[in-house]
Amino acid sequence: MKMFLFLQVRMAKVKQVGLLAAGCQPWNKDVCAASGDRFAYCATLAIYIYQLDQQYNEFKLRSIMSEHKKTITAISWCPDNPDLFASASADNLLIIWNVAEKKAVARLDNTKGVPVSVSWCWNSADGVAFVSQRGPLYIWDYGGSDPGVTVHKEAHSFLSDICLFRWHPTKKGKLVFGHTDGSLSVFQPGSKSQKHVLRPESLEGTDEEDPVSALEWDLLSADYLLVSNLHNGIRLVDSEGLACITSFCFPSAAASVQCLAWVPSAPGMFITGDSQVGVLRVWNVSRSTPLDSFKLKKTGFHALHVLNSPLAKKAQGSCSPSKSQHTSSTSEAVPPPTLSQNRAFSLPPGHAVCCFMDGGVGLYDMGAKKWDFLRDLGHVETIFDCKFKPDDPNLLATASFDGTIKIWDTNTLTAVYTSPGNEGVVYSLSWAPGGSAADTQELSANVSI
């Protein structure tokens, strides 16, 4: 189990008084997804699903899905049915889940490799695509009249491993792959396939690798997409003309992007999360430098997703410009603001699901610049041992396969201390005898490296 149930004992009765969900795993890309009033993230073996409680206007943990026996590698929400999402894992298993019914509705037991990315086919309500390493791209039609797995006719025989892929949300059949060598591969029905194009200029003619860390189609264009490379930053590229439209600049050469997301309520606007430190940056495609930056945590981002449905009490100020038939986020972007306008311009209405490298998960209100909630420092692997502090029952120490020891305040359900995480696997622990209640670091542990 990678969560905690806090129980209170009174006479012969035991009741649950709290639950600490596990943190988000930091080692796979597509481990955060959202649809309507729900969002989900993955720990190692379980998927945690939160839903907006309309009565209290806040997100609450609704269900925990856990049938995978090895590390979950990717999840994807169905664009046509908000009750369905797919998950894949390292045991070559792909599962279709029904969130409302809290159960698995279909299973594919042999994916012929570990899927690194999963996505619903936008031209098929019952089709889920998945890919491993250098392909090919498989398509599982799990609910049609003739269920089975087929191979994409062109998306195979790649020269570099695949980091992730994305179907175009409106142009049926069009998709893009991001590779570890920094290149993209673009496929579109009726057009010539383009493999390993649009590498960053600094990599051209070299064997150096700079993995694609994030990839998202422009929601208002058939051809534009945002792509980030771990070391070469962010670009807005034209997949049809195979050209870079804009290269975005960071205030520091040390900054690098781990994840990005468009902001649906503000055309032309997107946000990024830094990989080394938890800095959230707000951008607009009309200018090459960030509009604003917020340091949300000391640890780096792992995943980002902007909810399409903001909380009701904050949705009143949300508005979108009218859209013409031939538009893109570039054409709809608001002109660059003056300095006096910068603060108002750079804070669009919307809520970002933020996952961090230390397992922390939170929902950040970008307009109000505050957390709606932040579940910090959760374990991301199996918990092997836990012990209350002998002279302070409000402190609980936990030992985990993720190599960390954490100390929790059981009243607030928050972590008050975590070890650096380089101890190896921690199987057991005990409080040092005679330690004062204020000394939370006097622990001995059984460690395997």
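Note that Cβ sites are derived from N, Cα and C of the backbone, with glycine treated the same way.
The compositional bias 'Low complexity' annotation in TrEMBL covers 318-331.
Residues or ranges marked as region 'Disordered' by TrEMBL: 314-341.
The repeat 'WD' annotation in TrEMBL covers 65-107 (among others). Here the repeat 'WD' (65-107) has long-range neighbours at 25, 27-36, 38, 40, 42-47, 49, 113-120, 122, 125, 128, 130, 140, 142-143, 169, meaning same-chain residues at least 6 beyond its ends whose C-beta is under 8 angstroms from one of its own.
Under the heading repeat 'WD', TrEMBL lists 376-418 (among others). Residues of the repeat 'WD' (376-418) grouped by DSSP class, helix first, strand second and coil last, total 0 helix, 26 strand, 17 coil.
Broken down with DSSP, the repeat 'WD' (65-107) shows 0 helix, 24 strand, 19 coil.
Within the model, the repeat 'WD' (376-418) carries an average pLDDT of 84.
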